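> Mind looking over this structure? Questions follow.
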């Protein structure tokens, strides 16, 4: 068996080739985890490996800290978060990153599984919260995951899961924040891909009796426009029937009433029926090819069929003249009616998804949160043959997360050493600040700013909108010399050189998807439903709509502005935690177990910056803490000396290190903080502290037993 290193800080030759080769050998030996200090590298084996049972939970959550005896593991990261939270009293988070298909979602589930077990059995309420946290996974995967060409279970939304804890370490609540559900997938998919899992689960798992109870009549997937565009209906190794049962069970555990659950499933069926409404054109006006196709969606939505037809084939326009408001009706042509139909289908599905997230959150909400552990599971970097607005948005968020990783592990690390006066030689690394400025800058305007500007001047998305966008991008972005290295514009597409490689984006559809609006007419249609659940999904406050005035425009923000706002909020949230990193590597596109593609892995090693990370970690310090916090927690190791140096925390800290027998060559004392080379060193202090506490406890017990024995003896003597 070829020797490898489990922590690549110890790798003899720090090169991209040697890093990739070390990961390759370990994968072939089914050792999928490798450390770079406290950063975990996870290689997707594309097979199940038996390393996640209760034995592993007990091993990595053991009170005896001996990292050398335990191989790297995702559970080790999870346990570090849990222990740090309890010891330091700070919230923690793990950022799981990597390209699509690298195993991020599975890793997130393993982390949450460990956290639900490590705290042991609790009260009925604690167990209820743990069940909800775990059952939120299959539910949100059903409505938010889909097969892509890169991944059979690709997350088409981002999720930041907070598991909230009491000071005793018991989970007492949780919260899920979601980002950027890919709405366009509801109505169209790329070749080799599927729509969201829930559609196929419903068609495969819902029995005839259940369909009768739900009052839905569904055919095979091939009969639905929103499902039959690619000819892909099944996924190898996936059982839609059992997954449907798991989805229904998850709704029950979360506490969604059976009547509400039935309405949710009816609305899923409604989306499929809407897609089958086809239009032709008569006198430049859209008319349905088969008017009976409106029967099912109007019945399931509990709206009038004629009103549904009217709202799909016409729109109200409001004009103001001399203080008066006049509403006129304009007809839609065939293409415009298709856009209206698809917009309604996307809005229904998106609002369903939002409802389910809120249902989970409301069920596990708590007022007694002391701190939390956050788990970030977000779509990976994507580059297809054809890339559109969705890939642009996804890659922008990944660019933000890469920037955060650079900040935490490379930039801030080196800046802190300089500020603290720590002996250090700077290490060069790629900083992607300029790429983020290219995308999100307001002044000078980046791509998002230009896109919003073009959309604001369009009264409706026209065939020429893509040309207008490209002209503006060439004029504004192309003329900025600082962006020249990272931006190239062609006739109908533009390319960005991201941290993970160059991606070409087709401009067609950018403006339509960025406007991201639902006409007020369609909002009013949904508000006319006799089903309260449907009406509640489309409140006035959400769209700025009013059922009384059909002509007012619905309130909206552009897609890019929402993405930018959500990305900044996510980064701010992460900066408030102590971050931990899992970098997922996809070894092959074949999805064959333990397969390896040298070129593909080398590319990931390069753009993930693993070599630079090793150099910084090898020369740097794994743990740092302010002197007062060290003194407060570990003063027991030498209380007399510490008391002498009450006004000098540096001297007190040095006394503690001496008492704890720490290797003097493996730490440095800065201006305000202590820096330790190895994470095991803080465990060494913890063990010394625990030993003293145990000694004190035994002394107290001995004294008390003696006192009690003397008391009994005196009483017996009197008797």
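Including glycine, each Cβ sits where the backbone N, Cα and C put it.
TrEMBL does not curate its annotations; it predicts them automatically.
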> Write down the single range among 567-589, 590-612, 613-635, 636-658 that appears in TrEMBL as region 'Actin-binding'.
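Comparing 567-589, 590-612, 613-635, 636-658 with TrEMBL, region 'Actin-binding' matches 567-589.
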> Go ahead and report the DSSP secondary structure tallies for the region 'Actin-binding' (567-589): helix first, then strand, then coil.
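Output for the region 'Actin-binding' (567-589) reads 9 helix, 8 strand, 6 coil.
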> May I ask which residues of the same chain, at least 6 positions away in sequence, place their Cβ under 8 angstroms from the Cβ of residue 98 (ATP binding site)?
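Within the chain, residue 98 (ATP binding site) has Cβ neighbours under 8 Å at 42, 104, 380, 381, 583, 584, 585, 586, 604, 608.
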> When the number of other CB atoms within 10 A of each residue's CB is tallied over all shown chains, which of the binding-site residues 100, 105 has the maximum?
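Result for the most crowded candidate: 105.
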> Residues near the ATP site, 98, 99, 100, 101, 102, 103, 104, 105 excluded, by Cβ within 8 Å of the Cβ center?
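My list of surrounding residues reads 44, 151, 380, 584, 586.
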